[in-house]
Ligand code: HEA
Ligand code: HEA
Ligand code: CUA
Ligand SMILES: [Cu+2]
């Protein structure tokens, strides 16, 4: 923070923060968090508490770290080059997220294209069916030849999921309107449409929670419903988690807008979050098609 | 070039408002400086190399003769597993990130890395990740023992250590992804004016491509181990036939990460060698463009060959054929690189300073490792080689005299630049010869063992394998001890010694911006962006 | 023993594999001669200490094209015989005997599907005693240390034997080097391999996929006998009683193509 007071015109020089305690706090927090979960999974009583402590530290770290960044940004310490670094960094981060989801989509496709048909005796693995899973037939959805988790029903695509699709698509529109308003300097439209965006995001999460309750209580569709349940809940679950994170980020950005942060030309944080939101949106569309619909 | 002009204009006030390093521990713990962080990465990596190497010595000591003399089979399996994880994620990858931290800003004329705080974050996660991983050695049931490949269902039999393993991998992944993003962004955004992509030094190029691979595959590994976790604790059945999953599915996902991973461990070494050979051949690198395209082709191909690690799992014929052909293709761009290095030396004027010695050893021994890789790619032959010491020999040839020698060559090349001191040339030459001789004594016989039928990952073997195992173990201890010399040389040079000039290699022809700065370079590397013509 | 190379096996496939192995080996050696020769020549000839003056050239598109095309041609030359062999390896049709092999931690179960014979095969006692930590027994004194079992798999010579592989717990791999065949035994799935041993004898291999604590101690031993002896052995094993044959197994034994079996089901 040594430079915070210097000038108000964007610097021509690349801003290199002098030193920062937040990364090490972050490392310790992440460590505490995962140690907490590991203890928990190993049935150590302190586990959940350590985990909660870690999470609290993570939140604290983010608040302080990003607080520093916001202050520096508002002090105009970041020139165009720094802004570009943030943009590129965000793009690559989103790409890494795409690959994370790709792993789970890969599992879904593998199960549908290979393992379930093989267990059902198709392709090269006839004996798998003949000798081990005699009465099993290739079908999707499936909880596998051992009927893991018992009979279940699936959630039809054109009910709640379709509504959720509409909600997310709509939120994609509202954030674009907000973005244009920001660029046009129209703060009022910006604030209203940004609020609409995160409200739609939270609505999505509420409906998704509703859907999960329905699945668990009425359809007997659970995480343990064979490979269908596994892929269904892991994909929609991680997606839901990302929506939650995205909606929180939108909320933070909204408060910053209310405080008058950002200018028509200088608003990386807004754009970063918007990209993230679009990414979450696109993942949902793929999910809708391959998890719910086809 | 308005930008440069202005930068020059402001140069004076900058030197005032920039501080030197922080005092005491804060300098390291709160670091944002690419050189400090680079140094921490390199020191961390060296420590991990010794930790992983000690585990390798436990393995080689047990395998010195038939019969179990020293360790329980379960502990042996833990050693194999931990040795690999420590060497790959703790030694080789951080060493390359450390080199990138030091050299990328210097080579592209940047003041620092693009995202300095995140840089610190990606480093400091590592010690914690390895604290978590190494502490499994002391938990009930022992450390993970299912191999570094973590195949289910076996890996699910690990007890207390299991979630620790998974989370350690998550942390390492997070660190690598952040480190890689930093490198990509630095290269794409921070180049000095005039340095177009095709003017970048090859070390920078190879890291750009490596970083891309890292961002693409580390999240896939994170996904794979997350599925292991939920299969173990939350009732999912990704990798269980009863629920419609398949243990082999894990292998596909793992190797989709795992194969690019092995190129992550060799491409930066290619970059290093591409810097060193021209310098000490006193001749420009032959075929710069071809080198860049070859590296990119290797990276591209690395995404479509993963199942060559799984030829024996019972894939459909078409799959086996496809993965065999794609794998063989990688020999072509790799060959292009080997030929270009050779052509660089041809009609040069070669001298044999320690970095060049290591680069030459790399050239010969990596190629041998590449040949055995090619043999492994031939599916019917792989049915015999798979899971034998022939594979162990293959990958140690590409990893030890490949990746590790690449790192050592880089250290001997740039250490005077980093510290401002020249190291003891004679000791370094000794280190080279001992390493090169012993690494062959250590790993060459493993080809014979594998061909004769010795499986890998076994704590004890039938008597027919006794002789070569003994030779290999002797080589291991010789090689390990020689590395103490390396640590000593680095330590001694950091402490002091003959002053190194800015160019360091005055009698040779080093190219690149790093040689325009003093040795050691100023705390903030290029306050004023140099102009590249 | 100071063995250097892969031994030649006793099946046609294993000999073909050995041939492939030698072919690619020698190709690599020849390339190595050329490449290393060039490197050594440069290192020796163009030494700075001998006053060598560096040339200035730094690229040649023609050279790049040449050293791209030649390796491609060599690789094609290797791929063709490899693919041809692989296709024969994968052809399990028309086998005369089918044995189901199940991996357990840490033993093998052999089931002669249509003969109602089934037994386990574990590490031989003497090896097991000697391999304990600090057993005090010198492995050199144990015959076939770690490569001997209490009860080997017995098969007839000159017979196409199909092995159906699966596992009861973790992944194992069944491997007999002399047959050139190795395949994973995966829980919940069945893999196939086949061999046709031409000479009677006892052939030894090991589990080749890490399967936990005693992965190093679950050998595979196959006793190939002349047909008549095999029949006699089988009779003795069956000992009269017979379980009802499985319909699936009979179909397998028709010698029909696996695809046909699948359709029939
Ligand atoms: C730095 C790491 C690295 C590198 C660079 C490579 C490079 C290659 N690897 Fe290797 N490999 C590993 C690390 C690496 N590998 C590891 C760690 C494993 C085991 C993992 C485990 O199971 O634990 C493994 C395992 C492995 C297997 C699986 C074996 C098995 O388990 O059965 C295979 C199979 O195809 C393979 C192939 C190759 C090939 C074809 C290359 C090629 O890239 C090599 C190309 C280079 C050359 C060929 C030499 C130079 C070329 C010329 C001089 C041109 C002319 C040549 C010809 C035309 C022949 N590797
Ligand atoms: C970059 C990666 C890397 C590196 C550098 C190494 C380095 C070494 N490896 Fe490693 N190895 C792997 C990656 C690597 N390995 C992988 C991926 C596997 C597969 C694991 C699996 O199957 O899951 C493996 C497996 C593996 C095996 C097979 C184990 C088995 O199948 O059960 C063996 C056996 O010889 C071995 C040996 C060695 C040795 C002797 C070294 C040496 O080069 C190490 C040299 C370094 C030192 C020795 C340390 C320095 C010195 C000291 C500590 C001072 C004290 C010294 C003395 C007292 C003598 N390794
Ligand atoms: Cu069974 Cu290894
Ligand atoms: Cu590979």
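From the backbone N, Cα and C atoms, a Cβ is placed for every residue, glycine too.
Since we're looking at a predicted model, the values are computed, not measured.
The following features are taken from TrEMBL:
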- A:10-294: domain 'Heme-copper oxidase subunit III family profile' (DOMAIN)
- A:21-41: transmembrane segment (TRANSMEM)
- A:47-67: transmembrane segment (TRANSMEM)
- A:88-111: transmembrane segment (TRANSMEM)
- A:154-177: transmembrane segment (TRANSMEM)
- A:189-207: transmembrane segment (TRANSMEM)
- A:227-255: transmembrane segment (TRANSMEM)
- A:275-293: transmembrane segment (TRANSMEM)
Top partner of the transmembrane segment (A:154-177) among A:47-67, A:227-255, A:275-293 - counted as Cβ pairs under 8 Å: A:275-293
Stretch contact, the transmembrane segment (A:275-293) with the transmembrane segment (A:47-67), Cβ-Cβ under 8 Å, 3+ pairs: no
Contact call for the transmembrane segment (A:88-111) against the transmembrane segment (A:227-255), three or more Cβ pairs under 8 Å: yes
For the domain 'Heme-copper oxidase subunit III family profile' (A:10-294), mean pLDDT (0 to 100): 93
